[in-house]
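TrEMBL has this to say about the protein:
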- 1-149: domain 'Lon proteolytic' (DOMAIN)
- SER66: active site (ACT_SITE)
- LYS109: active site (ACT_SITE)
Amino acid sequence: MAGKGELHLTGQLGDVIKVSAQIALTWVRARAAELGLAAALGINLLEGRDIHIHFPAGAVPKDGSSAGVTLVTALVSLFSQKRVRSDTAMTGEMTLRGLVLPVGGIKDKILLAKDVLEQAFDGGCPWRQHSKVVIQSLTCTLCLTSYLT
């Protein structure tokens, strides 16, 4: 949206996730030309454009650095007008140089992904009945780095 080049964040957010969002936007803006983003929309991502990111479920507090990779992906998707697969989950802290740093809670995040898949099966059926199908349907891909500078 037209503006002063500012980042606006809404939702119940902690300081760490706010920093992750700023890093994501800075990284994308710095590489807009390389990623073909400026040409895609015919706009200058460095000037005159405010970005507003809303984190839904406002009553649920959100914090942590592990959303960095997801935020970069969302911004690149927005500016390139290319959709991200809806069956994809990701986690990872992003640095200004484009490196993906390790994050904690991977086991819990994988279990959450399984829960989401379970809900897609049948709504109310117990997870144990479909555990083999759910486990087989997950593919984990490790990212050593997202970008070489």
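Cβ atoms here come from the backbone N, Cα and C positions, even for glycine.
The Cβ of LYS109 (active site) lies under 8 Å from the Cβ of ALA89, THR91, each of which sits 6+ residues away along the same chain. Cβ neighbour count for SER66 (active site) (all protein chains, 10 Å cutoff from its Cβ): 22.
On the 0 to 100 pLDDT scale, the domain 'Lon proteolytic' (1-149) averages 80 in the predicted structure.
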